[in-house]
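*Asks:* The structure follows.
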Amino acid sequence: MRTLTVVCFVALCLSAIFTTGNALPGELADDVRPYANSLFDELPEESYQAAVENFRLKRATCDLLSGFGVGDSACAAHCIARRNRGGYCNAKKVCVCRN
């Protein structure tokens, strides 16, 4: 039974290594623009830099990591990295940093 498991695992690894997949998207036509980047494409260079610096996902720390049980700890670490005195996840799953 153990030998069969090892053989299946090796076969799975080899198939994953040698399978040729294309992770890159195909060529887009000139008239088709991706909507996700349309805000950043239309901004001048100074505004683009400011938009990138101020882009925040406030719920990412508490929402995404709450499934692993480290939501509040990750929020506190995030706030300490921002030179605050810690933080917590509120009822809406938004990280709130203490001053």
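Every residue, even glycine, has its Cβ placed from backbone N, Cα and C.
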*Asks:* According to Swiss-Prot, the disulfide involving C79 connects it to which residue among C62, C95, C97?
*Replies:* C97
*Asks:* In Swiss-Prot's disulfide listing, C75 is paired with one of C13, C95. Which one?
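*Replies:* That record, Swiss-Prot, gives the partner as C95.
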*Asks:* Between C13, C89, work out which one Swiss-Prot annotates as bonded to C62 by a disulfide.
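*Replies:* Answer per the record: C89.
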*Asks:* Hey, which of the disulfide-bonded residues C62, C97 is the loneliest by Cβ count within 10 Å?
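*Replies:* Ranked by other Cβ atoms within 10 Å, the disulfide-bonded residues C62, C97 bottom out at C97.
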*Asks:* Are there disulfide-bonded residues among C62, C75, C89 that sit within 10 Å of C97 (disulfide bond), Cα to Cα? If so, list them; otherwise say none.
*Replies:* C75, C89
